[in-house]
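S.K.: The structure is given below, and queries will be raised subsequently.
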Amino acid sequence: MKNIPLILLGCGGVGRQLLQHIVSCRSLHSTQGLCLRVVGVGDTKSLVVSDDLLHKGLDDSFLLQLCRVKSAGESLSKLCDFGECRAIVHPEPQGKILEIASQLGRKTGLVLVDCSASFDTVAVLKQAIDMGCCVVLANKKPLTSSMEDFKKLFMYPRRIRHESTVGAGLPVIASLNRIICSGDPVHQIIGSLSGTLAYVMSEVEDGKPLSQVVKDAKSLGYTEPDPRDDLGGMDVARKALILTRILGHQINLDSIQIESLYPKEMGPDVMTVDDFLDRGLSLLDKDIQARVEKAASNGNVLRYVCVIEGSRCEVGIKELEKNSPLGRLRGNDNVLEIYTRCYSKQPLVIQGAGAGNDTTAAGVLVDIVDVQDLFS
Ligand SMILES: NC(=O)C1=CN([C@@H]2O[C@H](COP(=O)(O)OP(=O)(O)OC[C@H]3O[C@@H](n4cnc5c(N)ncnc54)[C@H](OP(=O)(O)O)[C@@H]3O)[C@@H](O)[C@H]2O)C=CC1
Ligand SMILES: N[C@@H](CC=O)C(=O)O
């Protein structure tokens, strides 16, 4: 049996779903000769680690209890009553993760799985890479900060996977990497890369107020922790940046043209997430409804579109024919059209649910198994 040890950073919607997938796939994985051993789980305040890191992970009943505790908004340290574990509280977790990385990195290829939505994980991820660890990301931020961080994380490209950073569980990164490895030049990528904005646009088209559908998207697990990341286009811009960088272009977020659906006066420096949802959002209802109706009067629909050509990226609203591939999108679907030499007239098209905890966590789980193929 091949043991795959991992530490999970972040146990919000995606992280908890990942733990549930790991537990429910136990017998499937055992038929494949695999055993995923969760040796630690961290959040903003603490890290719980197995008492016997070298031989045992946190057991399944403990992991499910952990999910219940975090769903109830309680602290991870509460879990010490439940199992053979230790809780390490802020600011110690980072040091403990590196200690485990140095013990298990080279020997086992310990996987650091980042399901947080934070920039703060990048330092520990970079150091863990140096200690022989593998990295799997749902979090886009480590790949969209400086070019220097990006290069460092890709220093050993076979030891990092990040499928869920673009299109959630859809095989976007895997498909693009296959194209890149075959030497087929990518001419253009056009897509709708936000599950939230796809859902919002199609629901507003059906006559529902923006303020309501954004709240619905949040409760369905489609939005970022702060939905302004979605509505402001920043989340799509991050995905565009990741795609552009893996195509080999050394650009930063500030060179991407981004259209925001909310004004600066409603930004994170001015109001909290709750204020934005309770007070700000409804002030945007009329404007977006009017834009949707104007497009409809031309027989068209609005979609939030990402265009990548060489190192040029732009993300924003476009008025499109209702019957075009992007215009036909419904619900939280993403669609990506990749034009290359081999796919020149008819693009390679990838389509399906592009947001949600279930599909995102499934993408992360596959990455964990896949990256560990390196280790026998
Ligand atoms: N939902 C989706 O459809 C998709 C999401 N993603 C990405 O997945 C990630 C997680 O999203 P989601 O689960 O919705 O987010 P949540 O806000 O629900 O959860 C984030 C978790 O990360 C923890 N956290 C924050 N900072 C740190 C840190 N420095 N170290 C360790 N843990 C930390 C939080 O801790 P605490 O509990 O203490 O607050 C929380 O448990 C995001 O980066 C998102 O962009 C990617 C593709 C699709
Ligand atoms: N908030 C994102 C989640 C996936 O990255 C989206 O809506 O697409």
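Glycine is treated like the rest: Cβ placed from N, Cα and C.
Since the structure is predicted, the reported quantities are computational estimates derived from the model, not experimental observations.
Okay, so TrEMBL annotates it like this:
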BINDING   G10, C11, G12, G13, V14, G15  NADP(+) binding site
BINDING   K140  NADPH binding site
DOMAIN    171-369  domain 'Homoserine dehydrogenase catalytic'
BINDING   E224  L-homoserine binding site
ACT_SITE  K239  active site, proton donor
S.K.: Which recorded positions of C11, G12, G13, G15, K140, K239 contact ligand 2 in the sense of C-beta under 6 Å?
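M.R.: Among C11, G12, G13, G15, K140, K239, near ligand 2: none.
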S.K.: Say we define neighbours as other CB atoms within 10 Å of the CB. Which of the recorded positions K140, K239 has the fewest?
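M.R.: Lowest Cβ count within 10 Å among the recorded positions (K140, K239) is K140.
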S.K.: Helix, strand or coil by DSSP: which one applies to the residue listed as 'active site, proton donor'?
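M.R.: SS state of the residue listed as 'active site, proton donor' = helix.
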S.K.: Hey, for the NADP(+) site built from G10, C11, G12, G13, V14, G15, who else sits with CB inside 8 A of the CB center?
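M.R.: Here the nearby residues are R16, Q17, L18, K70, C115, S116, N357.
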S.K.: So how many other Cβ atoms are close to G13 (NADP(+) binding site), meaning within 10 Å of its Cβ?
M.R.: 23
S.K.: Taking the Cα of K140 (NADPH binding site) as the centre, which of the recorded positions listed as G10, C11, V14, G15, E224, K239 lie within 10 Å of it?
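M.R.: Passing the 10 Å Cα cut: K239.
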S.K.: Counting only residues 6+ away in sequence within the same chain, which have a CB under 8 Å from the CB of C11 (NADP(+) binding site)?
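M.R.: In sequence order, the residues whose Cβ lies under 8 Å from that of C11 (NADP(+) binding site) (at least 6 apart) are L19, V41, G42, D43, L66, C67, K70, L76, C115.
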